[in-house]
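Input: a single structure, listed below in structure tokens.
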């Protein structure tokens, strides 16, 4: 866990693309909301492994948003239930249920459908919010914290040596952490 946190800090402080980190957080949001072994989550995980996103950020986002999903559980179930019991959509879901792919996706469960719809709906705002937060972090917060004594003490610790092994020499010369 310490290594994963060091990799995330390295990504935030290095020249890693802000878009890659924000996309990893947004995709981690979708995966984190619903149970891990659903068809759409497996497809997203394969997608993440194919494209260039920051894997450490993705894994931390999945873990974080899995915890958040417990808090959002009543809203997720309510969204799924309202979609599945909508009279105008009954025929649509009945015809979809006849397909094997729909059964494998488990979208006939209120929680899975609600998590998928909520995740896809909020994925774009999460992307832009994450991008904005990372930009603000790099411009303001990172330089602000460089001045504190605790940061200087952390730089002398084992955590910083672990961090610097991932960061490489270029990030250290730029004043990363």
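Yeah, the Cβs are placed from backbone N, Cα and C, and that goes for glycine too.
TrEMBL entries are annotated by machine, without manual review.
Per TrEMBL, the feature domain 'DUF2062' maps to 8-140.
Residues or ranges marked as transmembrane segment in TrEMBL: 21-51 (among others).
Through the fold, the transmembrane segment (57-77) approaches residues 4-5, 8, 11, 21, 24-29, 31-34, 48, 110-111, 114-115, 118 of its own chain, all at least 6 residues removed from its boundaries and within a Cβ separation under 8 Å. What TrEMBL lists as transmembrane segment is 57-77 (among others).
Counting only same-chain residues 6+ beyond the ends of the transmembrane segment (111-134), those with a CB under 8 A from a CB of the stretch are 12, 18-19, 21-23, 25-27, 29-31, 33-35, 38, 40, 69, 72-73, 75-81, 83-84, 105. The transmembrane segment annotation in TrEMBL covers 111-134 (among others).
Across the domain 'DUF2062' (8-140), DSSP assigns 112 helix, 0 strand, 21 coil.
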